[in-house]
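Trainee: One structure is given below, represented as structure tokens, and several questions about it will come after.
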Amino acid sequence: MDNAHLARASASSSRAAMLLDQIHNEFQHQFRATAEAEYKLSCQAHEMERLQDRLKELQTAQLKMQEEYDAEIRGLHYQLRSSGVPIVSNLTPAVAQQAVPSLSQNLFGEYRNGYGAPPPTASPDTGLRPSTPPDSADDQKTKPSPSREPQPTISGNLSLIDLPNSRKKEGSGWYAVFNPEVPRVLDVELVHHFAHDSVASCVSFSPDGKYLATGCNRLARIFDVTTGENIITLQDDNLSKSDDAYVRSVCFSPDGKYLATGGEDRKLKVWGIGAGKIKHTFSGHEQDIYSVAFAGGGRYIASGSGDKTVRVWDVQRGKLVYTFNIEGGVTAVSVTHDGRFVAAASLDMNVQIWDIASGTRIERLEGPDGHENSVYCIAFAPSGGHIVSGSLDNTMKLWEVDIPRAAFPNGGTGRSVRTFKGHKDFVLTACWTPHGNWIISGSKDQGLQFWDPVTATPQMLLQGHKNSVLSVAVSSTDNLFATGSGDRCARLWRYTTYTGQ
């Protein structure tokens with residue numbers, strides 16, 4: 001029995017040793033296979049990183065080539081326009097007039113996104129109004145009359161090639177042309193390029209000029225103008241994930257602590273910039289909000305909407321104060337620098353002004369010297385004595401308004417004193433430089449122009465975008481201005497005095 005037991009134990013021990021040896025060999029085999037796989041994976045990862053780096057290099061090179069190509073195409077288009085040859089472009093589709101939509105429709109469609117047809121006029125009959133004001137003895141004594149002076153165009157009969165170097169400037173993806181018929185006094189340079197995932201529909205500077213806010217689909221972004229860094233992104237998480245919700249207008253509060261936004265969700269929102277959260281939400285508009293502006297030292301916000309109303313909200317009390325009804329959809333609002341008066345542009349071809357404290361309308365700017373199509377943008381001069389309006393009739397008008405006098409019954413004196421001609425398509429945005437020396441306008445023709453407000457003469461044409469220029473804003477410091485466009489980018493520029501170099 002003992003021998004048999006020993007034999008069985010010896011056999012079991014041998015089998016166990018054999019199994020352990022097999023397991024050891026299998027482990028070694030798997031270990032080597034794993035090591036080889038990890039080595040191959042490491043090599044593949046290294047190769048992938050190399051390919052990614054190469055892809056980035058190719059993308060950068062392709063983008064540079066595309067910008068150079070686009071610049072060359074714009075230059076050729078410029079030469080063709082200068083020579084009077086019509087241009088057929090697949091980049092800017094022809095625009096057909098639409099019928100007046102019902103109130104349930106979006107009055108502006110996709111046009112504010114940089115695409116689609118323009119908003120309809122208030123009436124299909126545009127009339128035959130003169131483009132310049134009638135002669136006025138007082139006006140002739142103080143300011144040149146557009147009816148007396150020719151309206152020079154920047155291009156004239158010159159092509160970009162024909163212009164001397166002192167009359168043109170080119171950069172990567174942009175160029176500027178300076179009016180050869182007047183002394184050159186300005187220079188311009190590109191400072192930053194801010195790419196967006198959707199149309200950059202609006203731009204606005206903080207009061208101290210340190211930050212730039214932009215609006216696009218579903219969010220607002222705030223950039224440091226010195227570094228170009230996107231430091232804050234504001235997004236309402238309650239918005240539907242499936243629908244577009246463009247932010248149409250952004251505006252900093254006078255103390256720079258808050259940002260007001262309005263857009264396709266029909267709500268006015270006030271964001272605390274420090275926390276990046278919504279502090280107030282004001283509901284009531286029945287159509288998209290297209291323009292917002294702080295007033296009354298930051299206590300009030302005016303909002304203009306396609307629902308044909310301007311609404312004034314008390315931020316401190318969180319309530320609606322006034323509703324101003326207008327015959328056409330509101331395209332823009334502007335507030336005087338002292339925050340006392342608000343003006344609104346609308347599709348019915350006129351501009352109206354209200355006293356915010358009393359809610360009284362004090363001025364209506366229209367008449368035979370007014371626009372012949374919908375008014376799309378407005379901006380008070382820094383002094384408050386003038387207001388500029390841009391229209392779908394391709395022109396701008398400068399209106400003289402005596403606001404203190406207009407505050408009394410029958411005291412309104414608003415009149416059109418200048419007509420600015422030069423844009424080839426709809427004027428979509430306009431603003432003044434801080435001291436009122438220049439008016440900057442942006443258009444569906446993809447260009448910006450700097451205008452002398454006294455003579456209505458263009459000083460400079462800047463082609464810096466590949467789609468409609470939807471918004472332009474000027475900083476209170478450092479001679480900076482910003483543009484937003486349907487080409488999904490915002491750009492920061494600097495204008496300076498030309499030194500001849």
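Positions of Cβ are set from backbone N, Cα and C atoms, glycine also.
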Trainee: Among 41-68, 265-292, 461-488, find the range that TrEMBL records as coiled coil.
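Mentor: Within the set 41-68, 265-292, 461-488, TrEMBL attaches coiled coil to 41-68.
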Trainee: At a C-beta cut-off of under 8 Å, are there same-chain residues at least 6 beyond the coiled coil (41-68) that contact it? List them, or none.
Mentor: 172-173
Trainee: Give the one range among 282-323, 368-402, 420-452 whose Cβ atoms make the most pairs under 8 Å with those of the repeat 'WD' (462-501).
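Mentor: Going through each listed stretch, the top one turns out to be 420-452.
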Trainee: Which residues, given as numbers and ranges, are at least 6 beyond the ends of the repeat 'WD' (282-323) yet have a Cβ under 8 Å from it?
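Mentor: Same-chain contacts beyond the flanks: 103, 106-108, 112, 248-255, 258, 260-264, 266-270, 329-335, 339-340, 342, 344-346, 354, 356-357, 359.
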Trainee: Counting only residues 6+ away from its ends, which parts of the chain sit with a Cβ under 8 Å from the repeat 'WD' (420-452)?
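Mentor: Here the qualifying positions are 81, 92, 95, 118, 131, 151, 153-154, 182, 186, 376-383, 388-392, 394-398, 458-474, 476, 481, 483, 485, 495.
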